[in-house]
């Protein structure tokens, strides 16, 4: 019974560490802020959650210690880390960090221009 | 451009409660586990700072109508009061005592006067941190 759980713990921790490494590689190799942020906020979130699940299982099986702080930590990271990524991306966009040269589409830019024109015309037709 | 903070504010509403609960847990388990008044107070003021980031100072002041400078005074009063209370029993200043009480719901619990001292530390830390941050934030 505990041997099976040990294998699971190994898988969880190994996979989490691997995902964190992939995140680091993504931050180094990807070209601009937005793609890097994409790698950082997704990969490391899942990686850290896997590592925490592994730690939780390990202490629960080995010492019978039900550590609710780890569960709270998992939920907390799952909630907050994507929001942090979103806020960093948004701050970068609004301070005018350029997109990657080969980017094709920037719908937010068109939308903001549209809004500005709508305001200039003073409650014009543009929504 | 109009500010649109829906995601940040919604997440703050959920997360602030989690942080405050965790800080209270850290505060109350300080006698037997890592934690205590200082880190609990810092974490509580961290939750309030998160509210300050998501909303503005006036909104937070209407949610939590506390003058933090008075909180410092109350905290210091707690700390000095638990120290001076030992003088009534002919023991040196800051001597603490504990006893077991049969509380409803909780069963037999050991209550220690050091918790009251820790409450003082907790309140002072919240008061000082929030006073510093609000003073810096308001002077523009």
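Cβ from N, Cα, C; glycine included.
TrEMBL: automatically predicted annotations, no manual curation.
Because the structure is a prediction, the values reported are computed rather than measured.
Annotation comment: TrEMBL describes B:7-131 as domain 'Na+/H+ antiporter MnhB subunit-related protein'. Per-residue pLDDT, averaged across the domain 'Na+/H+ antiporter MnhB subunit-related protein' (B:7-131), gives 90.
Long-range contacts of the transmembrane segment (B:12-32) within the same chain, counting only residues at least 6 positions beyond its ends with a Cβ under 8 Å from a Cβ of the stretch, are 39-44, 46-48, 50-51, 53-55, 112, 114-115, 118, 122. The feature transmembrane segment is assigned by TrEMBL to B:12-32 (among others).
What TrEMBL records for B:38-58 (among others) is transmembrane segment.
Proximity of distant same-chain residues to the transmembrane segment (B:70-91), defined by a Cβ-Cβ separation under 8 Å and at least 6 residues beyond the stretch ends, is recorded for 97, 113-114, 116-117, 119-128, 130-131. What TrEMBL records for B:70-91 (among others) is transmembrane segment.
Positions annotated as transmembrane segment by TrEMBL: B:111-133 (among others).
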Remote residues contacting the transmembrane segment (B:38-58) - C-beta distance under 8 A, at least 6 residues beyond either end:
5, 8-9, 12, 15-16, 19-20, 22-24, 26-27, 30, 64, 121-126, 129-130, 133-134, 137-138
Could you count the residues of the domain 'Na+/H+ antiporter MnhB subunit-related protein' (B:7-131) that DSSP puts in helix, in strand and in coil?
90 helix, 12 strand, 23 coil
